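To start, the structure itself, in structure tokens.
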Amino acid sequence: MAATTANPEMTSDVPSLGPAIASGNSGPGIQGGGAIVQRAIKRRPGLDFDDDGEGNSKFLRCDDDQMSNDKERFARSDDEQSSADKERLARENHSEIERRRRNKMTAYITELSDMVPTCSALARKPDKLTILRMAVSHMKSLRGTGNTSTDGSYKPSFLTDQELKHLILEAADGFLFIVSCETGRVVYVSDSVTPVLNQPQSEWFGSTLYDQVHPDDVDKLREQLSTSENALTGRILDLKTGTVKKEGQQSSMRMCMGSRRSFICRMRCGSSSVDPVSVNRLSFVRNRCRNGLGSVKDGEPHFVVVHCTGYIKAWPPAGVSLPDDDPEAGQGSKFCLVAIGRLQVTSSPNCTDMSNVCQPTEFISRHNIEGIFTFVDHRCVATVGYQPQELLGKNIVEFCHPEDQQLLRDSFQQVVKLKGQVLSVMFRFRSKNQEWLWMRTSSFTFQNPYSDEIEYIICTNTNVKNSSQEPRPTLSNTIQRPQLGPTANLPLEMGSGQLAPRQQQQQTELDMVPGRDGLASYNHSQVVQPVTTTGPEHSKPLEKSDGLFAQDRDPRFSEIYHNINADQSKGISSSTVPATQQLFSQGNTFPPTPRPAENFRNSGLAPPVTIVQPSASAGQMLAQISRHSNPTQGATPTWTPTTRSGFSAQQVATQATAKTRTSQFGVGSFQTPSSFSSMSLPGAPTASPGAAAYPSLTNRGSNFAPETGQTAGQFQTRTAEGVGVWPQWQGQQPHHRSSSSEQHVQQPPAQQPGQPEVFQEMLSMLGDQSNSYNNEEFPDLTMFPPFSE
């Protein structure tokens, strides 16, 4: 029962064991059951503590695994450490290897750059790519393949090698030679050595270059031909860059293969005759102007200075083999110097061109604002004879002609105002041998760019050749005085269509006037031109109290027009006559019209211009003109010869009062010779200071008759009693009146038809002098009109 009771428990506890127990035998089953029970009892704790048992076993396994893992980890860490060390060492070794490789490559690149001349000539060290590129170019140039194609199909377009060689030698003005660097033996020399050194080619072949140069230049030549690195000591002059380089790595570059050579040496000059036909023109000139080193003694060789320029090349060239009989055939690859020798003709002391050198004709000087020399060019010695120290500190005006000193001062003042613009002036400069030289000075100022102040004046002084034939220039602000021809006395109102008949009429009238050559030599720029006035101011006198040409304003106009005596101040205002109207046409008659409130006096007029004195007096001129113009009139009023004092500049100013009159009266007063007779109105008697008054002429139609008692100085000057007087002079009129003066009323006479016109050229010369003006009142009018007007 116990077994049976135990079995359910066992089956309940262990379901998997139930079928096994039920299927067992009885006998053995009891024993087995007891055994099973015992095993079951033994297993129960085991089953109760299954986890523990399993845990214990697991713990044991974990311990074993942990130990093994630790061992494995330790072993693995050792392996990893060893591998990391190996990798690190490998990386370090690789970096070291790369660094060594880079250092080697840099060293080779540096050495290559030292061997290539174009790399060393650069201002700074080039990069590696540039060094390699230049090295390739240099190697191509050494092999002679720099300008040829790789397939060898390149050929010159139209020149052969010989033609190209001759052109190069002629352009280089020298001869080509090739010498061995080791021995100095001449390998080749061109035929152009004959006109250069007067030596045939045969004298150079078979000899050495040391035999052809001066003995003192042998050592220098040996240094230039040497290719060893230690041959050159000291400093090197790089002719391409113009810099002096110290001894060092650059020396190896200069002495290696392919480096450039340029040196000067003295070479032997032969005595062979040169045929000018067989050589070119430059060679013939070279033969005559060879650069000798002084006089040559008999029996001594003659040396000349030769400039040699070339390169060190490999010999023999690539692809060329020397013949077996050549002494240098078995020595392997050698070097040679390929160079061109040229004469130093420009420094020849005995050249014939030196005697024909033109002396300098200009020098540059610097002055302060006052004109004192602060710098003088050395060419002043050949130009004016002075040393620079003789001119420094002195004023340029001191060396100027007295007549040109003011002109030079004005030019310096003007150039200061121009501020940088060039001003030229010509003056006479006293040279050291006390001769006057015409100098043209072009000057301009230099301004400080910061302070804008004038620092100094720079002058270029040029000695002018044939100065007597050149006109003397003036400043830009100097008044020009051209000498005009017979058209100078045309009034401004004259139209262009009236010019031809006007000139013909004036030429006819001037042919019968004595001394007419003097009338055409006056300057029209000094004549007062008529002024066009409009509005109510046309009838107002000017309020200026000082005449335009008064003596205190411009002394040049103090001497003015003697021997012209008429009321020519009564010109026509330009506003009253159109430009196309014929002036002073013959045959015009003017009706008699009274002229109220006007004072007309017989006066000698002195217009403010300078004119050459005619040979005859004005009275004789008037008499001859009147006799020629109307010989039928016979009434003769006599002029009383009197002595009259000369007028002053203030009396000239009395002519400037503006009195208004109509055009017909202005023109009519010049239509007949009687208008030049003495006339007066009540209240305005004629007066002549210190002399008797003119007798009145009652016959207005009479003409002037010739007088035999008149002298040349009879009517030289008269009092300037013109149309009116200035307002401040009106109160002084009683002082100038004469007690014996008579009053007459002038009646304008009617002109006879066909009566010729006289004194038109005088009227047109004077223009309208009834108004005095200046540039301040009429700013748009020029006081001195140009010749074209």
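Quick reminder: no glycine exception, Cβ is built from N, Cα and C everywhere.
Taken from Swiss-Prot, the feature compositional bias 'Polar residues' covers 1-14 (among others).
Annotation comment: Swiss-Prot describes 26-35 as compositional bias 'Gly residues'.
The annotation compositional bias 'Basic and acidic residues' is assigned in Swiss-Prot to 60-97.
What Swiss-Prot records for 465-481 (among others) is compositional bias 'Polar residues'.
What Swiss-Prot lists as compositional bias 'Low complexity' is 672-696 (among others).
Annotation source Swiss-Prot lists compositional bias 'Polar residues' at 708-719 (among others).
According to Swiss-Prot, the compositional bias 'Low complexity' annotation covers 723-733 (among others).
The compositional bias 'Low complexity' annotation in Swiss-Prot covers 743-756 (among others).
The domain 'PAS 1' annotation in Swiss-Prot covers 161-235.
Per-residue pLDDT, averaged over the domain 'PAS 2' (349-419), rounds to 84. Under the heading domain 'PAS 2', Swiss-Prot lists 349-419.
The domain 'PAC' feature in Swiss-Prot is assigned to 424-467.
Among the features that Swiss-Prot reports, N-acetylalanine is placed at Ala2.
Marked as phosphoserine by Swiss-Prot on the basis of a large-scale study or a structure entry: Ser77. Neighbours of Ser77 (phosphoserine), defined as other CB atoms within 10 A of its CB across all chains, total 10.
Annotation source Swiss-Prot lists region 'Required for heterodimer formation with EPAS1' at 112-264, citing similarity to another entry.
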Secondary structure content of the domain 'PAS 2' (349-419), with strand meaning DSSP E or B: 34 helix, 13 strand, 24 coil
The domain 'PAS 1' (161-235) - residue tally per DSSP class, helix then strand then coil: 36 helix, 14 strand, 25 coil
Tally of DSSP helical, extended and coil residues in the domain 'PAC' (424-467): 1 helix, 29 strand, 14 coil
Conformational class of Ser77 (phosphoserine) under the three-state DSSP mapping: helix
